[in-house]
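Listed features, source Swiss-Prot:
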type	residues	note
BINDING	108-131, 216-239	NADP(+) binding site
BINDING	GLY181, GLY183	K(+) binding site
ACT_SITE	CYS186	active site, thioimidate intermediate
Amino acid sequence: MRIEEDLKLGFKDVLIRPKRSTLKSRSEVELERQFTFKHSGLSWSGVPIIAANMDSVGTFSMAEALASFDVLTAVHKHYTLEQWAAFVQRVPASVLRHVMVSTGTSEADFVKMQQILALSPGLKFICIDVANGYSEHFVAFLQKAREACPNHVICAGNVVTGEMVEELILSGADIVKVGIGPGSVCTTRVKTGVGYPQLSAVIECADAAHGLGGQIVSDGGCSVPGDVAKAFGGGADFVMLGGMLAGHDECEGTVVEENGEKFMLFYGMSSESAMKRHVGGVAQYRAAEGKTVKLPLRGEVEFTVRDILGGLRSACTYVGAERLKELTKRTTFIRVAEQENRVFGSN
C-alpha cells in the first residue's frame, strides 16, 4: 500500500482564466479538427465530440442527428446484425463516416463486430469498450482486433493513467478512452472505491498519448458545456458525452408516465436496469455499478448540441483560440472554491 500525495482535480475544481483575444465574434471560431490516426493511417475531419455508446444515447437516430453537426456517435453494441444492415442501407455515407461500431471483448462480440464492419466500407471506427481497461484479456482483444482490422480506427478503453494509455497505443489503439467512474449514472467510485478525478486523468493521459502519436477521448464527467471546454483545454482530442445528450427524442429510451408527466429512463450500462435488459439480470458474483434516473423529455437533440457547441466557441473566444485545436495551448486553469452564483439555482 502507498499514498500519492498529489492532489487530483475534477472539472468542478477549476475555471479557465480569460486571456487577451483578437477574435471579434464567436462565429470566427473553427471547431473542426483534422486527425491522421497512428495505426490505421486514416484521416478524419469533424467536430471531435462523441455520443456515448449507451443504449439510450448511442442510437441510430442519434447518429443521424449528430452527423449533421459533423459530430460522432459511438453506436451501442446491442443492435442486431439485421438492424445494422437496415441502417447501413438507409443512411448516406456522410452519416456512416460519423459512426463508431461498439464492441465488447468476448469471442461472440469479435465475430459480430467483423460482420457489422463487412456491411459497408464506410464504417471506419471501432470502439472497444469495457469498464476496466487494465486487464490482460482486454489488451489481448485489442491486439487481435488490430490484426484483424488494420485499416480501421480503433478507440479502446477505459483507463485513467499514463502507463496504461501507452500500453494500449502500443497494442494497436489509435484513440484511448479515458475515465473511470465520472459518469452521471455511474456508481463505480462508490461501489468499489476505485477512480480518478477526470481533469487530472485527461491531462496526464493526453501527455502520454501525444508522446506516442496517439489521441485520447475524455469519457464522462461533463455536466455543462463549460466542462466540455475544460476537457479540451486539458488536452483531450475528443470528448464523449452521455448524460448531457440523454432524454432526447433521438435516444430511443423507455418512456414512463407519472402523475400525467412523461419521463425517459436513463441508466448506466453496468446498472441493474441495463443488466436485466441485456443479460437477464445481475450475476450473483457482481454488484451493479450504475443507477437509473428518470429525465423529463427534452425534445430534439439539435437544440442541446447547438448549446454545447455555442459554449465551446465562446470558451475559445475568451482565451483567444481561433481554432479548437489551439484551446489547450491557450488554456490556463485556476483552482477555485466556487463555480457559479446559485441564488436562482444551478445552471
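Heads up, the Cβ atoms here are built off N, Cα and C, so glycines get one too.
Here the CA atom of GLY183 (K(+) binding site) lies 18 Å from the CA atom of GLY234 (NADP(+) binding site). In three-state terms derived from DSSP, GLY181 (K(+) binding site) belongs to neither a helical nor a strand segment and is classed as coil. Comparing GLY183 (K(+) binding site) with ALA108 (NADP(+) binding site), their Cα atoms are 27 Å apart once rounded. A sphere of 10 angstroms centred on the C-beta of GLY181 (K(+) binding site) encloses 24 other C-beta atoms. Residues within less than 8 Å, Cβ to Cβ, of CYS222 (NADP(+) binding site) and separated from it by at least 6 positions along the same chain comprise PHE11, VAL228, ALA231, VAL239, LEU241, GLY243, MET244.
When secondary structure is read from DSSP and collapsed to three states, ALA108 (NADP(+) binding site) falls in the helix class. A Cα-Cα distance of 34 Å separates SER120 (NADP(+) binding site) from GLY181 (K(+) binding site). In the three-state DSSP classification, CYS186 (active site, thioimidate intermediate) falls within a strand. Residue pair ILE216 (NADP(+) binding site) / GLY181 (K(+) binding site) shows a Cα separation of 17 Å. Each of the binding-site residues ILE216, VAL228 was scored by the number of other CB atoms within 10 Å of its CB, and the largest score is that of ILE216.
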